[in-house]
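Sequence annotations record features per position, and here Swiss-Prot assigns region 'Disordered' to 1-20, 371-390. Marked as N-myristoyl glycine by Swiss-Prot on the basis of similarity to another entry: GLY2. Taken from Swiss-Prot, the feature ISG15 cross-link applies to LYS12. As annotated by Swiss-Prot, Mn(2+) 2 binding site applies to ASP60, ASP243, ASP286. Look at Swiss-Prot and you will find ASP60, GLY61 tagged as Mn(2+) 1 binding site, backed by similarity to another entry.
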Amino acid sequence: MGAFLDKPKTEKHNAHGAGNGLRYGLSSMQGWRVEMEDAHTAVVGIPHGLEDWSFFAVYDGHAGSRVANYCSTHLLEHITTNEDFRAADKSGFALEPSVENVKTGIRTGFLKIDEYMRNFSDLRNGMDRSGSTAVGVMISPTHIYFINCGDSRAVLCRNGQVCFSTQDHKPCNPMEKERIQNAGGSVMIQRVNGSLAVSRALGDYDYKCVDGKGPTEQLVSPEPEVYEILRAEEDEFVVLACDGIWDVMSNEELCEFVNSRLEVSDDLENVCNWVVDTCLHKGSRDNMSIVLVCFANAPKVSDEAVKRDLELDKHLESRVEEIMQKSGEEGMPDLAHVMRILSAENIPNLPPGGGLAGKRNVIEAVYSRLNPNKDNDGGAGDLEDSLVAL
């Protein structure tokens, strides 16, 4: 669960789509981890009468990808088909769910899928001990329902600022710790029984076998927290991401970075790729996944912002050339040396929230062109200290 590769796998999975007045893009990268355990869901138009609703989610698997992958395909179905989610009239016709129907139905869907997966032979006999966080949004014409189970996170940006974010479920949180202790467990080194770093998750059945306790009273609970927010014209975008992103970017930093990138590109896959690359260069050692959902009021491409960004790229290209020419007299410098020099300079118009790491790819491209035989180290590595102030 904590094994790393010698070099990160930087190939990305991308997708995008649009509908119901929304646009979305997503990106995922294995990074330094030995396995890719993340998964995602993106559904614009929920079947069976909720075509003007949409659902997006990110799942951060651990100890394997089995639970994350199954939930990415089947969680929405477990939510929308249970009796708590949708009431019916006397003729049996499904009615538009109320706010309370939706919130109760989401909770029921999580408990049902968790109980259903428990019967899978590999999960039941302990051959597979995987679990997964889940963070998502269900978007109706009037509301945004934020759903969280674990330490992945969702953030809403409105009027250029963080308007709302879900709260991580960590074992050291007082309410989580109380439940863990009441179930006979302990919190050591901020982990459940010194092992698991999240206090709520789907799967993880080794932590859900305390006799006399219900499913939401176990060491690890599958119960999500669900919040509803009325949609507003000022809504700009929602970000869903696993902790591989949040480990190196705060809510505010990520929203600032996304906002600035939307002003230079309307390609949401590109924006998501920039986030993932920037987090890799900031030192993230985990799998990384992000789903970006944009509303009609999301930032638009600005000619001024595009010009400013191009000027920044040209400045960085020129500085890398100067550094390498100057250092070349004593031998070609490595990329870490170039980055350390740049990190000490006052460079204007770096991407807010991303800093120099947000332009690492530009710097790498120039470095590789001038020194094609040099390994550029592939990721963050020894650059974390250089970029810590950025």
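Here the Cβ of each residue, glycine as well, is placed from N, Cα and C on the backbone.
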Note to self: Treating G and I as helix alongside H, and B as strand alongside E, what does DSSP give for the region 'Disordered' (1-20) in helix, strand and coil?
What the structure shows: 0 helix, 16 strand, 4 coil
Margin query: Centre the Cβ atoms of ASP60, ASP243, ASP286, go out 8 Å, and tell me which other residues of that chain have a Cβ in range of the Mn(2+) 2 site.
Written below: ASP38, THR133, ASP151, SER152, CYS242, GLY244, ILE245, TRP246, ASP247, ASN287, MET288
Next item on the list: Give the sequence-ordered list of residues that share a chain with GLY61 (Mn(2+) 1 binding site), lie 6 or more positions from it, and have CB atoms under 8 Å from its CB.
Entry: GLU37, ASP38, ALA39, VAL67, ALA68, ASN69, SER130, GLY131, SER132
Item checked: ASP60 (Mn(2+) 2 binding site), number of other Cβ atoms within 10 Å -> 27
Note to self: Please identify which of ASP243, ASP286 has the densest Cβ environment, defined as other Cβ atoms within 10 Å, among these binding-site residues.
What the structure shows: ASP286
Note to self: Give me the CA-CA distance between ASP60 (Mn(2+) 2 binding site) and the residue listed as 'ISG15 cross-link', in Å, as a whole number.
What the structure shows: 16
Checklist line | Distance [Cα-Cα, Å, rounded] between ASP243 (Mn(2+) 2 binding site) and LYS12 (ISG15 cross-link) | finding: 17
Note to self: What does the structure give for the C-alpha distance between LYS12 (ISG15 cross-link) and ASP286 (Mn(2+) 2 binding site)? Integer Å is fine.
What the structure shows: 14
Notebook entry, point to check: Which state, by DSSP, holds ASP243 (Mn(2+) 2 binding site): helix, strand or coil?
Noted result: helix
